[in-house]
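What TrEMBL says about this one:
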ACT_SITE  Asp42  active site, charge relay system
ACT_SITE  His274  active site, charge relay system
ACT_SITE  Ser459  active site, charge relay system
COILED    1112-1146  coiled coil
COMPBIAS  1050-1073  compositional bias 'Basic and acidic residues'
DOMAIN    33-497  domain 'Peptidase S8/S53'
DOMAIN    531-671  domain 'Tripeptidyl-peptidase II first Ig-like'
DOMAIN    694-786  domain 'Tripeptidyl-peptidase II galactose-binding'
DOMAIN    822-1011  domain 'Tripeptidyl peptidase II second Ig-like'
DOMAIN    1058-1114  domain 'Tripeptidyl peptidase II C-terminal'
REGION    1046-1073  region 'Disordered'
Amino acid sequence: MEKDFSNFPSNGILPKKETGALSFLSKYPDYDGKGVLIAILDTGVDPGASGLKISSDGKPKIVDLIDATGAGNVDISTIRKIENGTLLGLTGRKLKVPKDWKNPSGNFYLGLKALFDLCSKSLRDRLKKERKDREWQPLNDEAVYQIQTRLNEFDKSSKESDSSESSKKTDFTDLINSLTKEDLQAQLDLLKDLENKIKDVGPVYDCIVWNDGDTWRSCVDTTEKGDLEKCKVLTNYKDSFEYATFGYTDMLNYSVRILPEENLLEIVTDSSSHGTHVASIATGYYPDNPELNGVAPGAQIISIKIGDNRVNGMETGFALVNACRYVAEYKCDLVNYSFGEPVCLSNLGPALTAVQDLVEKFGVIFVTSAGNNGPGIETVGAPGGSIPTVVSVAAYVTTDMIKAEHSLLGSGNSMLFSWSSRGPCIDGSWGVSVAAPGGAFAAVPNWSQRGTQLMSGTSMASPNCCGCLALILCGLKLTGIEFNPFGVKRAIENTALPVDEAIGCGAGLIQVEKAFDYLVDYKDSIFQKINFDIRYVGKPNNKKGIYLKNDDELSQTRDYLIAIEPIFFENTTRSYLVNESAKSDTNLLKVQQDRISLNRKLVLSLEDGDALKSFIDYPEHLYLVNSTRQFHIRIRANELEGGKHYFTCLKAFDLEDPKRACLFKVPITIIKPFTFDDKKTLNDYEIEYKNVSFKQGQIYRHFIRAPLAATHAELVLKTDQDGSNRDHAPLFFIQTFTLENFRTPTDEAVEEIYRLNLSNEFKLKFKVQSNKIFQVTIAKNWSNIGNCSASYKIRLNGLYAQNGHEFCAMSSQPYRIDIGSYLRSEECEPSVSYKHIIQPLRPHEYQIEKVKPSMGIIKPIYQLILSYNFHQLKKSKSGEVGCEVPFLSNFLYENEFQSIFWMMYESNSKKMVLSGDAFPIVYKYNKTIDKGDYIIRLFVRHEKIESLEKLKETSLYLRHSISTVSQDVYSSQVNVMRGSGKKASLEKIQKNNSKSYFLQPISDDKLPKGATNGQFLSGEISFFKDSAASKVDNYKILYQINNHGKKVEKHGSKKTDSNEHKSKSDEEKLKETLRDTQVSYVQKIDSLFETVRNEYPDHVPVYLNRIQFLEKKNLTLKKDESEKILQNLNEIINLTKTALDKINQDAILKFLGQKNHESDEEKKEFDHQKSWVIELLACQGAALIEKQLIEIHGNNDSEEIRKIEITDEIQLVYKCIQKFIDINDDKVSKFVLKLFLHLKLFGKALKVLFKQLEEKPGTKTIDQSILNVLREMSLRHAFNYHESNIAMKYQSKFVTL
């Protein structure tokens, strides 16, 4: 039989059928979202992406593109005018300004920006690879080939020369040949390592802004050659709807916002493909291919980027607050926010308050993703789980999606995705409003080199729901029905299709037509204007529902006082701009009248909780007026069966409403954990579940209170041995974590997805906390179609440290740890390892400034900037550097402060090298940095100056990764005091016994180099031998470093001098002090030299200081003052000769050639003399080269490196230096570098320059010298890269938020 290939499940590409969106548009084709403005708060939207050009009514799809993060900001405070027909850009390029550019003032505002700073990580990685393959590697390989050929020819020529009897060799030719070969080898070595020396910072563009008399305009030099005629001129996107592309290689589209009053050009790009995909799901429009349309093809969007490129697309608090301000200013109808993070506090920080204000004061319907952290409960994050008035959306997978998007075997059922987050939240609310399809093929940015892409997540469910709401709002607007966020949310919740447990899908799958009809039917209902603030009156505060899981709540019958307060929507801000007065708003009068008239009879009913109805008592009636009403709910939790969890809610209905639409609900969650009976034997600390049936998406959750002294558990999962109930290899999704009252993002759940075959079993060990509830969730994954049965058991283990859960050892004394085993006998083998050293930094400077106000009317925002200095000793091979602020880290949405953001810069160049935000460890903002001085600037924002003032001395922790440092553990205090003997080894601790272990202080030679007082090591301590157990069952340990003075030397090891105790008299000391003071002023005062030389004719430092004076003087002379320069060079040469004659060089060489020196004082004296000789020779050689350059080439301003010849004098200096020091030593680099450069020995010259740059990073003159050498070597690829490096490296000011 021939198959029917025409029946493709097209609805699964971008699902619209199951929500009723398709049928709604079929019934109301004009209600396609036109007239509705959606703000996409995400990673940015590509204006060139397919389906996002126009809406169904022909209007531009994207109303504006805004970057709220600050990552695209370009400082344009530098003002220049055209000179000699060109404009000098900040990159150093000469920009050719087109003649048709109008600029009455003649002022051009200049900035620069690196393309990589505007790219997503994936695009940046692609471009780096392509640039290496196309622009770097071929040219570098060719250069290597050329140098290798020259080296081979040189070797061949040298051998022929050596075999020729007629060849006459001299010292000069030997030196030249030696240097030539060394240079060729140096060039070869350099080219092979050049990629590590010169980093690819990507294209660097000059940015130009000007006013043509009417409009501010901008241009980015994407040619990188100053040919502005070929570059597109842009103005603000909202005024022109124009954008440009940086290049055909990157295909990255950008738009601009010009903010002249702030001296800023905002270049707007996206930080990932996420935002474009989200926008396409909600509103994409494909007139030629309607099945690819988004849910609301007629709606328009404004893209507000909150995913910061500087922190890998992560959202920040200040970006969200900025975004909310723009949403209010543009009077958006809807917001889609497919972002969110875990929270550990139920309070609302400034970011969440801004979102709440958008909804409750500005009437914006805020739609957000519930999160992808399921299937365990308590996994909904913020803002969806923190603000009851937002619409939080779970991810649903339909049968068509299973077929079209995922091409799975078999016919699967529609359901929630296994990973979709579940409630309740920590405040008792369920955190999920409705569900929507959580996947789609939708448009992605052009730079991704794709048209559409499949993505799945609640990030996709949220815009699907948002598009559904746009259809509804469009219908309401066209029919003249008023709406507000409270009424719309109530409508979609009352009409949703229940598809799963309420803690996962909320009210159910959103239904467009039913919700629209509800809003039409209830358009005159007073309840459509009311949100009910539900509070549990008790401790802790801020509870939005009843959530019982603590012993005192579960062990007795208790009454819980619930407060219900009606909050009326004051529709005053939609009719006027932000900061305008609302005194004359007629809507306010209507709201006041509604408040007065509110008198309703409500019926209360416990819904969807049959298992709880006999254990909960509640009043059945409530008379509602415009005031807070309170009532009690009695729960007999002590009578509930243990080892189970219960979810229900108490719903309120209007007695006069025949349709019984729910007005509000009080969520009730009870976790009655399984507890172990203390009377059981030790072997009973194990729970087993046999022959458990699983179908597609089936979830089993187990809540267990860990017994006292339990520290980890093991899950063992296997299928039935005979396999009779199994039709395939099942795929399990397993998740475990402790239910903490204050869980932070660092308390990550343990998650595993594992396919289980007949012949194997799955084992998973995970951490538990003594006497706390942990959750074990086992689900058959949503994608695993079919049925199976499995058995599993959970076993508790524990080695319990009586010291607590965090340890702090010190270098001053041994540290004792007492470990007990109380569940069963356990094998113990303690181990301690440290992988980080923490360097606490105190701020050296702070300032508080006023920044742009947030949305609203009055409140300004202030910013605290703290500056910290540190020195990186060397580039670590093993580790990276990162920052954290212990007092402020790991809080984002619930943070009291609006923003926590830090940036690290090179001190000399002000180049930003690293940045991070509130989650320093989870998101790993780390980087390997070079040796040098650095500044870290911490930015904190708040509306109160006094709150910021309290933070002005906040410490910052600089975290360095290090090679693992182990700490010795002994089982005997005597052994640890001796520092010898048998160390702790594997040993069984019997049940109900404990054993003491002792950590020996770490010896100085094992500590990281440069570790100093006040720093501490950070690591882990574990007690189990088993690697799987020690990986999860470990604890944080700190090791305080306290160095108490210098290391003691062995008696008799220090050599003494027979004259050591003959100290100088006070008169001798005074004479030396006076002499040294006079000598030090020789390099500052011209006339002083002759006087001091006459008094101390044999004191070499007199001559050295005079030479330094002359060298500095030459630097101040102009090129045309060559006679004065030559005069000074001749004097330097003569001074070095005079000074060298006063030193017995042979005596120095003879002394240093001896293996043993009896006198330290004598060795010290000869070392002084050696250093003088080296410095004098270097000065003499450098002066000889400078003199020859002037005599041969004169005053030449060309950047070309001029060539010299090796004279006998230069050759003599070179050989003399070799007697005392390696010719490549930094002490003679001033001579050697000049010699190599002007002999055109560029390989050896670059070797010296790169070494100098490593020692003195951020020195522009060295970087410029490297650039000149690369030009001379015709290494175009390296020259271009390094030119871009210099342009970005040396900034006039710090980049800020």
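Residue 1 is the first one shown; counting continues down the chain.
Note: Cβ is positioned from N, Cα and C throughout, glycine not excepted.
Counting only same-chain residues 6+ beyond the ends of the coiled coil (1112-1146), those with a CB under 8 A from a CB of the stretch are 1083, 1098, 1100, 1103-1104, 1106, 1169, 1172-1173, 1176-1177, 1179-1180, 1183-1184, 1186-1187, 1190-1191, 1194-1195, 1197, 1216, 1219. Taken through DSSP, the domain 'Tripeptidyl-peptidase II galactose-binding' (694-786) splits into 0 helix, 44 strand, 49 coil. Sequence-distant neighbours of Ser459 (active site, charge relay system) (same chain, six or more apart, CB under 8 Å from its CB) are His274, Val278, Ser338, Phe339, Ser369, Asn372, listed in sequence order.
Neighbour list (Asp42 (active site, charge relay system), Cβ cut-off 8 Å, at least 6 residues apart, same chain): His274, Gly275, Val278, Ala279, Ser303, Ile304, Lys305, Ile306, Gly307, Asn336, Tyr337, Ser338, Phe339.
Taking the Cβ of His274 (active site, charge relay system) as centre and 10 Å as the limit, one finds 24 other Cβ atoms among all the protein chains shown. Mean model confidence for the domain 'Tripeptidyl peptidase II C-terminal' (1058-1114) is a pLDDT of 86. Sorting each residue of the domain 'Tripeptidyl peptidase II C-terminal' (1058-1114) by its DSSP state yields 41 helix, 0 strand, 16 coil.
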